[in-house]
Amino acid sequence: MPIANGDSLGCAMKADIQDYTKALEILEKEYTTRDGLDVDTLLDSDKHGALTYNDFLILPGYIGFPASDVTLDTPVTKRVSLKVPLLSSPMDTVTEHNMAIHMALLGGLGVIHHNCSPEDQAEMVRKVKRYENGFILDPVVLSPKATVGEAKALKAKWGFGGFPVTENGTLRSKLVGMVTSRDIQFHTNLDDPVTAIMSTDLVTAPAGTTLAEANDVLRSSKKGKLPIVDADGNLVSLLSRSDLMKNLHYPLASKLPDSKQLICAAAIGTREEDKHRLKLLVEAGLDIVVLDSSQGNSIYQIEMIKWVKKTFPEIDVIAGNVVTREQAAALIAAGADGLRIGMGSGSACITQEVMAVGRPQAVAVRSVASFAARFGVPCIADGGIQNVGHIVKGLAMGASTVMMGGLLAGTTESPGEYFVSNEGQLVKAYRGMGSIAAMEDKKAGAGSKDSKASNAGTARYFSEKDRVLVAQGVAGSVLDRGSVTKFVPYLVAGVQHSLQDIGVKSLDELHDGVNKGIVRFEMRSASAMAEGNVHGLHSYDKKLYS
């Protein structure tokens with residue numbers, strides 16, 4: 001090809017050009033370091049200051065596989081793993097039973113907040129555990145004397161129909177019939193006994209039948225429910241057709257391997273009264289308890305971890321929040337099964353501003369997660385997540401999962417209230433648990449004057465006995481995001497494509513690549529951040545997914 005600047009320059013350039021087929025060989029021989037920075041150099045606070053997610057990028061690697069091959073399986077505690085590394089925060093405008101159910105169905109986990117009475121929180125746990133089951137070991141059972149009105153009330157309460165009727169109205173009593181949604185739907189006399197409408201032509205399976213065998217019987221029977229009975233015809237458990245359909249629609253669902261129930265997590269404080277709360281939650285079927293505190297390195301939390309592990313050894317404990325190795329070490333030594341990392345980085349949190357205490361999230365996650373990994377303790381990057389990129393960066397820093405509050409607060413499944421903003425946009429209420437609005441909420445204390453002593457916000461920020469409440473959070477609103485059934489799959493697909501760009505097929509590969517210096521990073525200047533965002537357009541529509 002002709003050289004524009006003359007033959008002499010062209011000859012000189014030609015003499016320096018090497019055999020292109022040896023590019024990889026020359027790269028390996030002559031370049032002793034990789035492009036970019038390893039994670040330790042990146043996070044050297046002496047050189048760069050403390051960094052958070054927007055301060056750096058991950059460099060691309062080699063793509064040799066489709067994004068669909070990327071798996072996101074990850075532990076959330078020592079004993080519990082998820083298919084998707086996403087959690088919803090235990091905030092009263094983010095996670096109640098509806099969010100917890102859908103996060104679990106989508107492969108993640110929702111942590112139910114505790115800014116409510118213990119009984120209400122236990123009821124939410126119960127709803128999660130009943131939503132999708134394998135063998136239902138504690139089905140709602142009716143007696144022959146129960147009325148049609150009572151059956152309808154139970155359907156309205158639990159959100160499902162199909163109740164077995166036994167002689168004594170209890171489990172392990174002789175099965176006499178089934179009341180289905182169709183039986184009660186158009187029956188007008190609510191005082192009639194259920195025996196007047198129940199179905200007696202039942203298909204059953206014997207006790208000892210495996211779940212796979214029972215599912216086969218249920219498929220072929222075309223019934224909605226399959227009662228499991230012992231040799232004497234006594235009801236011992238139940239299987240639901242609706243769960244078969246959920247299995248088809250939600251293949252990544254977070255379920256226990258034995259019961260096939262959705263995994264449920266809930267938060268509590270570290271006060272003495274929280275022990276009673278936890279007992280109710282465990283009775284309702286709780287799997288994981290999250291000890292909720294803005295500063296987890298306290299004698300209260302250490303003693304609570306030890307008490308929970310001794311009293312309920314089957315329950316996994318996630319402790320926190322922490323941002324330093326020193327904080328983490330005390331909780332790990334006490335027996336924590338997982339750690340929550342973050343202090344002041346949440347979108348509705350002002351702890352760093354008001355208290356001058358906290359740590360930028362990227363360096364906090366790396367410092368704690370790399371230490372906790374030595375003891376097999378998974379870590380949650382909690383706070384500061386605004387987009388898919390932040391999720392990936394939190395995972396790259398060593399977190400096993402990422403917890404989101406504001407990012408999910410605008411979804412249909414969050415308990416916040418919808419309203420129209422002054423600009424005419426549909427928004428949802430969202431507040432930090434350190435906001436005055438959250439700390440003055442009286443639901444946890446059943447409306448009593450001393451409800452501050454039971455409030456989740458005051459407990460989280462050690463403010464139960466304060467005469468003057470000092471806010472560490474704000475109350476506001478977030479734009480409507482639609483349902484998590486569309487938004488979370490978008491986040492998952494985004495993480496898969498990001499890991500594909502990095503050149504890793506799993507979170508284990510990502511962590512291993514970061515630790516070995518294979519996955520590299522680059523600092524970002526203010527100009528680089530501007531360049532990496534939308535620029536130079538007169539107008540644009542930023543639609544994130546379809």
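Cβ from N, Cα, C; glycine included.
Pulled from Swiss-Prot:
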type	residues	note
DOMAIN	135-197	domain 'CBS 1'
DOMAIN	198-254	domain 'CBS 2'
BINDING	Asp292, Ser293, Ser294, Gly342, Met343, Gly344	NAD(+) binding site
BINDING	Gly344, Gly346, Cys349, Glu531, Gly532	K(+) binding site
BINDING	Ser347, Asp382, Gly383, Gly384, Gly405, Gly406, Tyr430, Arg431, Gly432, Met433, Gly434, Gln472	IMP binding site
ACT_SITE	Cys349	active site, thioimidate intermediate
ACT_SITE	Arg460	active site, proton acceptor
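Swiss-Prot feature annotations superimposed on the structure.
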{"residue": "Asp292", "record": "NAD(+) binding site", "DSSP (3 states)": "coil"}
{"residue": "Gly346", "record": "K(+) binding site", "DSSP (3 states)": "coil"}
{"residue": "Gly383", "record": "IMP binding site", "DSSP (3 states)": "coil"}
{"residue": "Gly405", "record": "IMP binding site", "DSSP (3 states)": "coil"}
{"residue": "Tyr430", "record": "IMP binding site", "DSSP (3 states)": "strand"}
{"residue": "Gly532", "record": "K(+) binding site", "DSSP (3 states)": "coil"}
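In terms of Cα spacing, the binding-site residues Asp292, Ser294, Gly383, Gly434 that come within 10 Å of Gly346 (K(+) binding site) are Gly383.
Ranking the binding-site residues Asp292, Glu531 by how many Cβ atoms sit within 10 Å of each one's Cβ puts Asp292 at the top. Taking Cβ-Cβ distances under 8 Å and a sequence separation of 6 or more, the neighbours of Gly383 (IMP binding site) in its chain are Gly342, Met343, Gly344, Ser345, Gly346, Ser347, Cys349, Gln361, Met403, Gly405. Counting only residues at least six positions away in the same chain, the Cβ atoms of Thr93, Val94, Ala348, Gly405, Gly406, Ala409, Gly410, Ser414, Gly416, Ala475, Gly476, Ser477, Val478 sit under 8 Å from the Cβ of Tyr430 (IMP binding site). Of all residue pairs in Asp292, Ser293, Ser294, Gly342, Met343, Gly344, the annotated binders of NAD(+), the farthest apart have Cα atoms separated by 14 Å. Cβ neighbour counts within 10 Å, taken over all protein chains shown, single out Ser294 as the most crowded of the binding-site residues Ser294, Ser347. Of all residue pairs in Ser347, Asp382, Gly383, Gly384, Gly405, Gly406, Tyr430, Arg431, Gly432, Met433, Gly434, Gln472, the annotated binders of IMP, the farthest apart have Cα atoms separated by 17 Å. Of all the binding-site residues in the list Gly432, Gly434, Glu531, Gly532, the shortest Cα-Cα distance to Ser293 (NAD(+) binding site) is found for Gly434.
Gly434 (IMP binding site) has Ser294 as its nearest neighbour among the binding-site residues Asp292, Ser294, Glu531, Gly532, going by CA to CA distance. Here the domain 'CBS 2' (198-254) returns a mean pLDDT of 83 for the predicted model. When the Cα atoms are compared, Asp292 (NAD(+) binding site) and Glu531 (K(+) binding site) turn out to be 39 Å apart.
Listed binding-site residues: Met343, Cys349. The one with the lowest count of other Cβ atoms within 10 Å of its Cβ is Cys349. The Cα atom of Ser294 (NAD(+) binding site) lies nearest to that of Gly432, taking the binding-site residues Gly432, Glu531, Gly532 as the candidates.
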